[in-house]
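First comes the structure, then the notes that go with it.
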Amino acid sequence: MTQQLATSQHGRDDWVDWLRGASVLMVIVLHAYGFAFDAYPELRGGATEQASALMLSIEHLNRSLAPLRMQLMFLLSGLFVARGLDKGIAPYLGGKLRHVLYPYLLWSVLIFALREAGSVLAKAEPIAWLDLGKIAVGNVALTWFLFYLFVFLVLMPLLRRLPPPLVLAATVLGSVCLGPLLRQGADPFYYFAFFYIGTLLAGRVPALLRQAPRWIWPLSCLSLCAIVLIANLTALHGIWIGYLPLVMIALPLLVAVAMWANRQPAAQAIRYVGRNSVVFYLSHFPPFIVLAYLLPRWIDEGAVLFFALLGVGVLVPAVLCLLRAPGRLPALNLLFSAPMPVRRPRSALPAVGTLHGSPVSA
């Protein structure tokens, strides 16, 4: 076990990419299932309900992963905060504006426009302009993750100066007191706990696993089993505060499994998803909105509809990633990242009879 965990820096990044890719794929499976069986109830005469053992297994899988999917994505995002801050506060914040806030706003508006266009054309319903305003507070489907991630990233330069126990205690208290009021959307306090723990674990995960006592592994396994049982046998929400300690205890096992899986032949494909996680996370959703409305007219089997959506949900982002490659259609990068501001080079010496130009161009 010690030799397996003693990986290089490149290897550590690889397992993070694998775990991030697996988390994003979990999200795509969840959405494919939801759109296949729960979306557009007026079309339920099309695709039949989930009755097969396979579909019931996928339903239980989705329930089991509810306490882990987004929590792991926030925790993994926290691992890279210190690296970003080392570049300086201005480049750090500029990068978050370009790579997090920009795609959040763009894709939130795109999804709003797609949904409302469908409501107007297919159902003759009025445009729900109130939903457009919800973008300002992150109360939107799918892209809410980027909204809260941006807020967390902006807060970190301030919070990193405070004692970690104080920050964690305030976060847990906020989740306990305010979480029930926020359940209609997402509980930012609960998710911030995972993000903040990720910042504390940055660069230390392999060393901590090497030093972990042997008893941590059966305890971690028991905790993971408890998560699965609670998720499937109770009606507790996936962001129930009691999951926080259970997920943290299960984390060593989850990371060890990710490190093992990262060395398997199929790992490269999942790492590819992880390295292009923003593309897969954002671009799988719009096709689901359209196809889940159209396909039930021809597909009667819910399982067939699920796998059709799942295939599209993986294929569309993969094609976009290939087209974004240099020399093909790099303009597609504008869908996921704002362009770098163009800086005009300043002359070493001013021309005769002219004044020094302003360092800030218009």
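Positions of Cβ are set from backbone N, Cα and C atoms, glycine also.
TrEMBL lists 14-321 with the feature domain 'Acyltransferase 3'.
Feature annotation from TrEMBL assigns transmembrane segment to 18-36 (among others).
What TrEMBL lists as transmembrane segment is 68-85 (among others).
For the transmembrane segment (97-115), the list of distant contacts is 131-132, 135, 140-143, 146-147, 149-150, 153, 278, 282, 285-286, 289-290, 335-340: same-chain residues at least six beyond its ends, Cβ to Cβ under 8 Å. Residues annotated as transmembrane segment in TrEMBL: 97-115 (among others).
TrEMBL lists 135-159 (among others) with the feature transmembrane segment.
According to TrEMBL, the feature transmembrane segment maps to 189-209 (among others).
What TrEMBL records for 216-234 (among others) is transmembrane segment. Within its own chain, the transmembrane segment (216-234) has Cβ neighbours under 8 Å at 60, 63-64, 66-68, 242-243, 246-247, 249-254, 256, counting only residues six or more beyond its boundaries.
Here TrEMBL flags 240-261 (among others) as transmembrane segment.
According to TrEMBL, the feature transmembrane segment maps to 273-296 (among others).
Under the heading transmembrane segment, TrEMBL lists 302-323 (among others).
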For the transmembrane segment (68-85), sequence-distant contacts whose Cβ falls under 8 Å of one of its Cβ atoms, 6 or more beyond its ends: 16, 19-20, 23-24, 26-27, 30, 91-92, 95-96, 145, 148-149, 152-153, 156-157, 160, 191-192, 194-203, 205, 227, 243, 247, 251, 254
Model confidence over the domain 'Acyltransferase 3' (14-321) (mean pLDDT, whole number): 91
